[in-house]
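Asker: According to TrEMBL, the protein has these features:
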type	residues	note
ACT_SITE	250	active site
COMPBIAS	49-65	compositional bias 'Basic and acidic residues'
DOMAIN	208-353	domain 'Pseudouridine synthase RsuA/RluA-like'
REGION	46-94	region 'Disordered'
REGION	461-480	region 'Disordered'
SIGNAL	1-18	signal peptide
């Protein structure tokens, strides 16, 4: 019908002057707008009656716009009403680079027998659905990629409410995964003990924090370690958070460790490292009489086991260079200063093994698993898989699998020669689920005793013994951080001291069924120490460790 008005409009445009045509167009637009409203109101009734304002209409007749939550529920209902499972859009996770109070309060640590121990705690492993999982059921995924446990254990975890998909408990493992599915698995986590030696702060300013890292502590959470790491200890006990490691030290290596306090400082210092402006000095004690002359080793190094980070000299490896200088020899072992010009994994340890002088107590590169010559000149008469199995078996016999960051859960995969990277994380020993009470979720109540004030035995600071004088001692830890031998690093956790760090048993945790002997503090020290780090704008060093003194003799 509106088309019938077009000739009239065209004629009216010809009758007026060009200067007035703009006003005519606006008038016709208003006319056509009113006509459209009338037609829509008569046919659908969706619009208000012509001539009436919306405010004059009854509020009951006005359609109510649903809020965001109602729209999401409606959308989810419409998508699932036809039998299709709703998958929420992915969310951005890990917004910060640091760990906060919620992470620190997951559990607590305590000192016992020269060791720093972590009370077992519950932890959520989280992941979005991987591309290769799309279209497969959870049952298929657990059967093919998480094979260290029988499927009955995963069924038990589902029945206990510990497996969640998009924050909903999984009732049936036959559910098929879709893109953007978010999975959460709650496990009972055990951390290996580490040395109770404190982390001494060597220097701190507005840009960096420099510490003397004890042996046996990883720099950041990895593998089975989380609370027994430098990052967590600095955050919980020194209130130093959002730190950026400038370099890495192996877990068993002690010495100078530098953290930047801001991302800008971190980038600036990393540029110096990339431009080879960083001078590094290490000291170690090696087996036998090391040559008096300066030695340079430039053998390429290959990582042949990513799970353990075990390396060997290989022509296909990455180029690297280390210079060695002997400092002393006591008739059995030599103290050697090391200058690594590159930063390959285990570079100093592998090069010393190749030269026939491995570090005296190196738990990986000074073992019989490498053969009679222990890898001297790169001679290893076995395949990589055979070497890895022999290495694991040797530590298994010594009950020292923690040195490899290996628990019983993944041990079966090594013995069978199966791929770790596909196995995922699971509980160790077989769990008898016939007697499990699934009404007990096993959740540990968050401790209300996580006080920032920490006490030590008889009023001594945890930093005692860090240095030769009181000033160095006090710099090792803030004055209000104290610990008692055999007590938690959270003062006032309970009236009964023996129950303070009692291990809670979990009905589904195979690790809880295993009794492992604790390592001795001596077992947790490797004779390799980062002595000095020097850059264009800094120079940080520590004193020589006791085992590196000239006349030191091993017990």
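Backbone N, Cα and C define each Cβ position, glycine as well.
Since we're looking at a predicted model, the values are computed, not measured.
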Asker: Taking DSSP states H, G and I as helix and E and B as strand, how many residues of the domain 'Pseudouridine synthase RsuA/RluA-like' (208-353) are helix, strand and coil?
Answerer: 27 helix, 55 strand, 64 coil
Asker: Just to be sure I understand the packing, how many Cβ atoms besides its own are within 10 Å of the Cβ of the residue listed as 'active site'?
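Answerer: Around the residue listed as 'active site', other Cβ atoms within 10 Å: 20.
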Asker: Can you check how the pLDDT averages out over the domain 'Pseudouridine synthase RsuA/RluA-like' (208-353)?
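Answerer: Overall, the domain 'Pseudouridine synthase RsuA/RluA-like' (208-353) comes to a mean pLDDT of 93.
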